[in-house]
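J.: The feature ATP binding site is assigned by Swiss-Prot to G14, A15, G16, K17, S18, T19, R120, with sequence analysis given as support. Feature annotation from Swiss-Prot assigns Mg(2+) binding site to S18. Here Swiss-Prot flags D36, R60, G82, R140 as substrate binding site.
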Amino acid sequence: MIEKRNIFLVGPMGAGKSTIGRQLAQQLSMEFFDSDKEIERCTGADISWIFDLEGEQGFRYREEILINQLTEKKGIVLATGGGSIKSKETRNVLSARGVVIYLETSIEKQLIRTQRDKKRPLLQSVGQCPQFFQTLAKERNPLYEEIADIIIPTEDHSFKIVAKKIIHLLEKP
């Protein structure tokens with residue numbers, strides 16, 4: 001059986017962090033948190049409203065504080081926001097307090113998975129622009145890789161299969 005260590009999922013929007021995170025938590029009998037949902041719960045406001053009011057910098061500050069608090073818990077699965085790794089402090093905290101799993105996916109798959117999502121603030125202004133996703137990937141992928149203990153492609157498999165693969169990898173000594 002897997003010891004109850006924290007599992008932190010990082011990766012771009014549309015990689016499946018929330019869906020896979022819920023499945024992992026359920027299968028491993030762990031508590032699940034989604035940093036975006038927790039910010040909304042704590043503030044009573046949705047993320048796009050926070051972005052409108054405080055800008056990305058204000059949102060990232062809130063996110064950094066929340067992730068620091070959540071990662072102090074034991075035995076959790078945490079799905080982080082795609083841009084959370086922009087903060088050096090957040091990268092350090094994630095690396096130090098659990099197993100970081102980078103859910104990797106292609107820009108094409110991101111476009112498909114996010115096409116109907118109206119709740120992502122960064123997509124509100126640019127829509128489904130491949131160049132936007134390419135810019136984010138160029139900026140963020142090296143940061144995901146920097147802190148990843150495990151890299152899992154989510155491209156060609158169902159999220160259920162990806163969750164099973166992660167559990168299998170975590171069970172290895």
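Glycine is no exception: its Cβ is also placed from the backbone N, Cα and C atoms.
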J.: Could you check what DSSP calls G16 (ATP binding site) once collapsed to helix, strand or coil?
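T.: Assignment for G16 (ATP binding site) reads coil.
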J.: How many other Cβ atoms sit within 10 Å of the Cβ of S18 (ATP binding site)?
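T.: S18 (ATP binding site): 18 neighbouring Cβ atoms within 10 Å.
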J.: Roughly how many Å lie between the Cα atoms of R60 (substrate binding site) and A15 (ATP binding site), rounded to a whole value?
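T.: Between the Cα atoms of R60 (substrate binding site) and A15 (ATP binding site), the distance comes to 20 Å.
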J.: When you measure from the Cβ of D36 (substrate binding site), how many other Cβ atoms are you left with inside 10 Å?
T.: 24
J.: Here's one to test understanding: among the binding-site residues D36, G82, R140, whose C-alpha is closest in space to the C-alpha of G16 (ATP binding site)?
T.: G82
J.: Note down the number of other Cβ atoms within 10 Å of the Cβ of R60 (substrate binding site), including every protein chain shown.
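T.: Result for R60 (substrate binding site): 18 other Cβ atoms within 10 Å.
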J.: Near A15 (ATP binding site), which binding-site residues out of D36, G82, R140 have their CA within 10 Å?
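T.: Near A15 (ATP binding site), where near means Cα within 10 Å, the binding-site residues are G82.
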